[in-house]
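Visitor: Got a structure here, written out as structure tokens. Questions coming.
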Protein chains: 2
Amino acid sequence: MNSRRGLMLVICAPSGTGKSTLTKRLRKEFPRISFSISYTTRKPRDGERQGIDYHFVNRDEFNTLIEEGFFAEWAEVHGNFYGTPKDAVLELLDEGQDVLFDIDVQGAAQLRESMQQGCYVFLFPPSLAALRQRLEARNTDDESIIERRLNNAPGEVEEANKFDYWIVNDDLDSAYRLLKSVYLAEGTRPSYLPQLPDRILHHKKI
Amino acid sequence: MNSRRGLMLVICAPSGTGKSTLTKRLRKEFPRISFSISYTTRKPRDGERQGIDYHFVNRDEFNTLIEEGFFAEWAEVHGNFYGTPKDAVLELLDEGQDVLFDIDVQGAAQLRESMQQGCYVFLFPPSLAALRQRLEARNTDDESIIERRLNNAPGEVEEANKFDYWIVNDDLDSAYRLLKSVYLAEGTRPSYLPQLPDRILHHKKI
């Protein structure tokens, strides 16, 4: 029995801002952080394992799950469906597991609505010009995808007002220090430590 | 002109919890953090300078300031009055200066009410037994003062529910890491960075 409730750490950023690098580093320093395993209708890629990388389901099954209110959030991306199972996340949180979500702004809005908890971090690129440079330097996307991502960025930045914390990824180490601070600080909020004052006053070991 | 608003960091703890050690360490690592200079009716001690350590005023002057709503909080301690000047704090915050308050729970409640902003941290001793050990080991207070402090502690812990963050000072380094995280994380909240999205979208240097 863990004496601390788990927290949902939800991180959003325009594509190319450096979100994956930062979340990987956070998970490396804090292996106790879980990811939830999504459901998807897309076909498994080589090496992907059922129930470990994703829960692979067909379109009918996915639709039934939507109707049953099974998902904390779901979305269609390039014709494939992806969804986060609500009860599985709640179970992790009850066990005191922290759960990380690397998600788009629409997904974050759905999570906030359906979970009614969590810490929502928006990661900014230093500027749109810097974002273009990074997307081009990455050299993994063709020009039309880069243009689509750059066109999406201002709309995503407008959504930043709904987030709890804002971090600018100007310098990777500074941004990481802030992300880690948000994660650690958030875990000291009273809502995650409901038994603490009682424990201090009555010397009970929990 | 600073692009970030200053934040009020308010720290409370039962006497003997280690608050002074932690706040000193925070100010050493972040010299940009200010303390507000209090007004007091007590007589200056050797070496204390008017307007630097305190603003020393007489009892009539202090009463007039209370009536004028000059104080963000004030209290009588052992027959002497102490008060925090509201406008001076607001000025520091407008300039982007962070301001630290090392204060008792009643003072924190007054600050929350009068300032309508800030980040309120409650620091817990690991247990009341540990608190007694520390107060006795400190060897600066006689037994009656230690007893009074121990008698006050449960009431102070009950007030912890009104705070935003809870840190247990079980181990000084861990507690410091959390306090520093709270300070850094809090500074990334949107309310302190009102111009950020605009700056990102329009490439303006502020």
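From the backbone N, Cα and C atoms, a Cβ is placed for every residue, glycine too.
Note: TrEMBL annotation is automatic and uncurated.
Pulled these features from TrEMBL for this protein:
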type	residues	note
BINDING	A:ALA13, A:PRO14, A:SER15, A:GLY16, A:THR17, A:GLY18, A:LYS19, A:SER20	ATP binding site
DOMAIN	A:6-184	domain 'Guanylate kinase-like'
Visitor: Could you check what DSSP calls A:LYS19 (ATP binding site) once collapsed to helix, strand or coil?
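Guide: It is helical.
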Visitor: In sequence order, which same-chain residues at least six apart have a C-beta under 8 angstroms from A:SER20 (ATP binding site)?
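Guide: Counting only residues 6 or more apart in sequence, the Cβ neighbours of A:SER20 (ATP binding site) under 8 Å are A:ASP102.
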Visitor: Taking the centroid of the Cβ atoms of A:ALA13, A:PRO14, A:SER15, A:GLY16, A:THR17, A:GLY18, A:LYS19, A:SER20 (ATP site), which other same-chain residues have Cβ within 8 Å of it?
Guide: A:LEU123, A:PRO125, A:ASN169
Visitor: Using DSSP reduced to three states, classify A:ALA13 (ATP binding site) as helix, strand or coil.
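Guide: It is coil.
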Visitor: Given the binding-site residues A:PRO14, A:GLY16, A:GLY18, which one has the fewest other C-beta atoms within 10 angstroms of its C-beta?
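Guide: Fewest other Cβ atoms within 10 Å, among the binding-site residues A:PRO14, A:GLY16, A:GLY18, is found for A:GLY18.
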Visitor: Fewest neighbouring Cβ atoms within 10 Å: which of the binding-site residues A:SER15, A:THR17?
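Guide: A:SER15, out of the binding-site residues A:SER15, A:THR17, has the fewest neighbouring Cβ atoms within 10 Å.
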Visitor: Do you know the mean pLDDT across the domain 'Guanylate kinase-like' (A:6-184)?
Guide: 93
